[in-house]
Amino acid sequence: MSKNKKIISKKQKMVDFEKEVMSKVTSGQITMKPKWYFVLGSVFSIGGLAALSVASVFLVNIIMFSLRKHGPMGQWRLEAMLESFPLWIPILAILGISLGVWLLKKYDFSYKKNFLVITAGFIASIIIAGFVIDQLGLNDVWSRRGMMRKFYQGIENQGNDIPNGPRKGNTPNGRSKK
């Protein structure tokens, strides 16, 4: 078969497909969705991606804050930190990033580009944003005032029950043992 016949054959198949679909629409076998349906779906997808991204950045930020607040990493300190570290935070962060990647895969631009690069860039940007928020000191501000104060103070105080630890507050009266 020549090249021209292949092109004509493909065009003919496309025309036949279009006629078949249009005949099903006019006969009522297929119902068309209104434009607002797709617009609303796009708005919710973009909003969901933004919310998942912000939540993932926040959770990565909390992980870095918690690791920084647990102090020097002696062997006993590391073991105590791992015992008291809230494991739900990294699990939720990974889940949020995974859902964000899944939503990214739904957009048409992700099919035109290398999806592995898009995914790596998305994950890297979330980790970098969490690190930047931690380095800017926003965690310290949020832990002292605002609606998140109790949440951050709960994370800060999780490792204070270590006997003979370097912080004040390890004994009932708040004094260090000598």
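The backbone N, Cα and C atoms fix where each Cβ goes, glycine too.
Nobody curates TrEMBL annotations by hand; they come from automatic prediction.
Per TrEMBL, transmembrane segment is recorded for 36-65, 85-103, 115-133. Annotation comment: TrEMBL describes 157-178 as region 'Disordered'.
Sequence-distant contacts of the transmembrane segment (85-103) (same chain, at least 6 residues past either end, Cβ-Cβ under 8 Å): 45, 48-49, 52-53, 55-56, 59-60, 62-63, 66, 70, 119, 122-123, 126, 155, 158. Sequence-distant contacts of the transmembrane segment (36-65), counting only residues of its own chain at least 6 positions beyond either end whose CB sits under 8 Å from a CB of the stretch, comprise 89-90, 92-93, 96-97, 99-100, 103-104, 106-107, 122, 126-127, 129-131, 133-134, 138-139, 143, 152, 155.
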